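Chemist: OK, TrEMBL features for this one:
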SIGNAL    1-21  signal peptide
DISULFID  Cys33-Cys238  disulfide bond
DISULFID  Cys80-Cys90  disulfide bond
DISULFID  Cys95-Cys101  disulfide bond
DISULFID  Cys145-Cys228  disulfide bond
DISULFID  Cys150-Cys211  disulfide bond
DISULFID  Cys158-Cys174  disulfide bond
DISULFID  Cys178-Cys187  disulfide bond
DISULFID  Cys188-Cys198  disulfide bond
Amino acid sequence: MATFSCFHILFFVFIITSGVAVSATEFTLQNSCPYTIWPGILTGNGGNPIGEGTPLNTGDSVQLRAPPGWSGRFWARTGCTFDASGHGNCVTGDCGGVQKCTGTGAPPVTLAEFTVGDKDFYDVSLVDGYNVKLGIKPQGGFGDCKYAGCVADLNTNCPNELRVMDPHNNVAACKSACAAFNKEEYCCSGAHATPQTCSPTNYSVIFKKACPDAYSYAYDDETSTFTCAGANYLITFCPT
Ligand SMILES: *[C@@H]1O[C@H](CO)[C@@H](O)[C@H](O)[C@H]1NC(C)=O
């Protein structure tokens, strides 16, 4: 009899834990920018796409569901024009001239990166540069579940030598020092390819100062990786 009830308890625990594991993670992408954006969405682990990159007007949002174990990234594409067949280009974040991204967005882009599982990992990364402000807000869930974001306008603070201009001669994005100068100390490559040999640089500190919660260079893990379990996520482009 004791064995029987023990079995029931174990069975009950199994249902609860597997119930958490099989529930999808919901992402809400919200455009608070004063212009239309085309979200870029890329699934990282060979899984099926979870979204299409349809335009989001100011104030609009879209909800996407990711299966357990999903990993991937979101970014904003700006200044896009596409023809009826879905071909065209974007001033920032372009993913190969197509509306439905199947590849990465051309840097510089601010990235929201996720790996979802029993415990989700998420971060905002400026390692590939910056184009728009971006915030990740867990909804529900348990654990640390902190807000992650880069809510400063880095285009205004962008050093001249890193600036990407739009056709109207406004700063559209801010390159990483790695992309601008292709040097090992900026790219954490070659002799600087380990956490011990790649340090913040005079450029990455500009990014870190503006956005303390975001990755400013490849090994900036300490202050830039966030975790939460069982949450859904609100990703806001241009949070105020
Ligand atoms: C960063 O350091 C490099 C090399 O010393 C220098 O050429 C560059 O002007 C510096 N940039 C900034 C923004 O401080």
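Glycine is treated like the rest: Cβ placed from N, Cα and C.
Unlike curated records, TrEMBL annotations are generated automatically.
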Chemist: Rank the disulfide-bonded residues Cys101, Cys150, Cys238 by how many other Cβ atoms lie within 10 Å of each Cβ and give me the one with the fewest.
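Modeler: Each of the disulfide-bonded residues Cys101, Cys150, Cys238 was scored by Cβ atoms within 10 Å; lowest is Cys238.
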Chemist: Just to verify a number: CA distance, Cys145 (disulfide bond) to Cys174 (disulfide bond), in angstrom, no decimals.
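Modeler: That comes out at 28 Å between the alpha carbons.
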Chemist: Starting from Cys178 (disulfide bond), work out which of the disulfide-bonded residues listed here (Cys101, Cys150, Cys188, Cys198) have their Cα within 10 Å, and give them in sequence order.
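Modeler: So the list is Cys188.
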Chemist: Just jot down the residues in the same chain as Cys33 (disulfide bond), at least 6 apart in sequence, with C-beta under 8 A of its C-beta; none if empty.
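Modeler: Cys33 (disulfide bond) has long-range Cβ partners Thr58, Ala76, Thr78, Val132, Phe237, Cys238.
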Chemist: If you count the C-beta atoms lying within 10 Å of each candidate's C-beta, which of the disulfide-bonded residues Cys187, Cys198, Cys211 ends up with the smallest number?
Modeler: Cys187
Chemist: Closest to Cys174 (disulfide bond): which of the disulfide-bonded residues Cys187, Cys188, Cys198, Cys211, going by Cα position?
Modeler: Cys211
Chemist: Looking at the disulfide-bonded residues Cys90, Cys145, Cys174, which one has the fewest other Cβ atoms within 10 Å of its own Cβ?
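Modeler: Cys145, out of the disulfide-bonded residues Cys90, Cys145, Cys174, has the fewest neighbouring Cβ atoms within 10 Å.
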